Amino acid sequence: MARGAGLVFFVGVWVVSCLAAAPRTSWKRVTSGEDVVLLPAPAERTRAHKLLWAAEPLDACGPLRPSWVALWPPRRVLETVVDAACMRAPEPLAIAYSPPFPAGDEGLYSELAWRDRVAVVNESLVIYGALETDSGLYTLSVVGLSDEARQVASVVLVVEPAPVPTPTPDDYDEEDDAGVTNARRSAFPPQPPPRRPPVAPPTHPRVIPEVSHVRGVTVHMETLEAILFAPGETFGTNVSIHAIAHDDGPYAMDVVWMRFDVPSSCADMRIYEACLYHPQLPECLSPADAPCAVSSWAYRLAVRSYAGCSRTTPPPRCFAEARMEPVPGLAWLASTVNLEFQHASPQHAGLYLCVVYVDDHIHAWGHMTISTAAQYRNAVVEQHLPQRQPEPVEPTRPHVRAPHPAPSARGPLRLGAVLGAALLLAALGLSAWACMTCWRRRSWRAVKSRASATGPTYIRVADSELYADWSSDSEGERDGSLWQDPPERPDSPSTNGSGFEILSPTAPSVYPHSEGRKSRRPLTTFGSGSPGRRHSQASYPSVLW
């Protein structure tokens, strides 16, 4: 059912106090079948007036769970929120006149009731034999002769079913001699359950159950469940945390604040306690009522960490460090674990969780709804896991044969992509091969040209005079000279040479300006570094071209 913000009915003193300036709303719980006395007339009132009792039934809204709400300036009241869709229109129940109102035939009447089992007794509303359908909001209004009607009191009546009596052994007969068992009911008529005295509301906020250990740390936390504010107010939370160590071991404590948005479509927010301890469960990650469920969280709004704590140095006396997300108008309240809202706006409204970790384990937690009156929603704590959101299933038509799947258009595209990739790789391979071939050719040419440029250069045509100094008339000597090293010359240069031969002309050269040059210069070899390998060119008879 879609629920809007305008379909939410608020029950509590904050509605009456802020909107109608009336006294607080009270709560009354009775058992089915009891006689209930509600809303006595106020003691201080004008003489001429009439009293009007009315009711707004809430029996179709399920169980009502009131919560303690703090108003600013500090004040605590019980309140709850119900969906207007489950409510029926207000109904007048009874009216009383003071002095009595004149009726026809010169008669007077002072009370008038429009419903069975309802009467006015001593200017109080009485419901005889209350039923579960009588649960609702009851109001009393006073109307003066010259004033408009004003509401002076209201009460939320919750009628619970009567407990079923359990049978006792006295209600049955023992087995007789024939083995026949005759059960008989008690002859006494059932007695109505004893009337319970009214229970006053607690004077302190609800205490979150703490974690107790024989060893380790016990944490106590106290907090209000809701704070209502008007836009522009500055206020702070009121969380009290006490850590008691049972041994001398050191420990670390983290106080973590988390915030959750409260959608206007939710009549209440459900906090699944099991998900606080196991937030990674599938039911907690995907609850069926995700918008209105608190089962997992993405980030921490504020963290105050205490390190090096012990029995003798409990928080906040141990080393503390605080971190907070940058939220305008939100800050730490001094050096405590509480938050301060400065010039609060509707954007600050939401459901806040305060969780205490001791050595990375949850030891205590509490929740708090901080909002304006128009944004307020109930916060209900559930002990069980939420229902998991069902997986989406594609709808199928029954008794209809599914058509053959059409050929996918992605097939040709994939084939074209594969062929294109193959052609591209082939082109890259050919290009690489061509580049390598060209590079190798250029390298070979460069080496060849370098070798030809550094080779020996001959400046004379070989003739018979070139070998005159080493020629011999004996054929045998000429033949043997091929296998012997030439003798060392006195004018030989140093053994460190380049290995090339310098040919000097010993006869008239074939080039100009060489006539008359009769000096015979020996052919000198600049040795390669080893005297044994140094030799002259004449040692090897050959023809130089």
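A Cβ is built for glycine as well, from the same backbone N, Cα and C atoms used for every other residue.
Some features that Swiss-Prot has for this protein:
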type	residues	note
COMPBIAS	179-188	compositional bias 'Low complexity'
COMPBIAS	475-491	compositional bias 'Basic and acidic residues'
DISULFID	C266-C292	disulfide bond
DISULFID	C275-C284	disulfide bond
DISULFID	C309-C318	disulfide bond
CARBOHYD	N122	N-linked glycosylation site
CARBOHYD	N238	N-linked glycosylation site
MOD_RES	Y172	sulfotyrosine
MOD_RES	S471	phosphoserine
MOD_RES	S472	phosphoserine
MOD_RES	S498	phosphoserine
SIGNAL	1-20	signal peptide
TOPO_DOM	21-414	topological domain 'Virion surface'
TOPO_DOM	436-545	topological domain 'Intravirion'
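You'll find the Cα of C266 (disulfide bond) roughly 18 Å from the Cα of C284 (disulfide bond). It is 25 Å from the Cα atom of N238 (N-linked glycosylation site) to that of C292 (disulfide bond). Shown in sequence order, Y272, A274, C275, H278, S295, S296, L385, P386 are the residues of the chain, 6+ apart in sequence, with a C-beta less than 8 angstroms from the C-beta of C284 (disulfide bond). Taking the C-alpha positions, the distance from C292 (disulfide bond) to N122 (N-linked glycosylation site) comes to 46 Å. Neighbour count (other Cβ atoms within 10 Å of the Cβ, all protein chains): 18 for C292 (disulfide bond). Mean model confidence for the topological domain 'Intravirion' (436-545) is a pLDDT of 54.
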